[in-house]
Amino acid sequence: MNSKHQFVQLSDGHFIPGLGFGTYKPQEVPNSKTIEATKIAIEAGFRHIDCAYAYEVEEEVGLAIRSKIEDGTVKREDIFCTSKLWSTFLRPELVQSCLERSLKKLHLDYVDLYLIHFPVALKPGEELYPLDENGKIICDSVDLCATWEVMEKCKDAGLAKSIGVSNFNRRQLEMILNKPGLKYKPVCNQVECHVYHNQRKLLDFCKSKDIVLVAYGALGTQRYKECVDQNSPVLLDDPVLCALAKKRKRSPALIALRYQLQRGVVVLAQSLKENEIKENIQVFDFELTEEDMKVLDGLNRNFCYVAMQFMSDHPNYPFADEY
């Protein structure tokens, strides 16, 4: 593994690289861009690749990983690959089939980490976002504890080395942690986390339970039209962040990523641009002072870019709680 990387130990003993490469992209960007960007990321030193069934780029990510294994850049065990169980597969009898689909697309025998992507269940079927005749999302009712039991079975079957959740709030995490007969607790909770929404309370709760927080949207998301309000503030243009970046002679993006690492958060960096991908890996080359960290803490405004508002009527919608 790249010696520059910081690793974080998960509660099950496995290690996750502190910096990951995010592979979500908007529909209008051709999938071939994902192959190129993922190869560049691996060449640059990224070893943690974060994808999901719902991103619809797993074949491309798999091709990139395979090509970098074949040319000797990495071995399979050097790569930490995450995928996620989509909401249309939360019924217990569907869980393993979603993972198997992802593995087939990725051309992998196992993923290093498998997450429940979102706690809201949607109507099963081939549509990622099933809609009724009025264009309203069709939800489903599923006991997440039953879903979790099958996640545990997938780990026992060797299909996933570690299992965790994403977009869960404290109440939902506690529901899994307090489940009678729990075999494995979630090793992590992947949530939106950045200087405008630093998730302090959720982070403290997760740390108290030995659950690693993984941050997506750490650079303020790529502001995709389909899920982010175009009037929302541009995080990397924040004057305080930019002034600190200038002072430290780094880009605002590197400061935003470094902030998370120093809080003990595993952070995902997402870009399709070669220069940005290569720059993001430089997050291990410097440190922020305690004073810098305080300044960045002061930017928090509990502002969420990806609110998934269209699922807000569901009782399991996670963002109605304070954290």
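Just so you know, glycine gets a Cβ as well, placed from its N, Cα and C.
TrEMBL annotations:
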ACT_SITE  Tyr55  active site, proton donor
BINDING   His117  substrate binding site
DOMAIN    19-300  domain 'NADP-dependent oxidoreductase'
SITE      Lys84  site 'Lowers pKa of active site Tyr'
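For the pair the residue listed as 'substrate binding site' and Lys84 (site 'Lowers pKa of active site Tyr'), the C-alpha distance works out to 5 angstrom. Looking only at the domain 'NADP-dependent oxidoreductase' (19-300), the predicted model's pLDDT averages out at 96.
Geometry remark: Lys84 (site 'Lowers pKa of active site Tyr') versus the residue listed as 'active site, proton donor', CA distance 9 Å. Residues near Tyr55 (active site, proton donor) in space but far in sequence (CB under 8 A, at least 6 apart, same chain), listed by position: Thr23, Tyr24, Lys25. Ranking the recorded positions Lys84, His117 by other CB atoms within 10 A of the CB puts His117 at the bottom.
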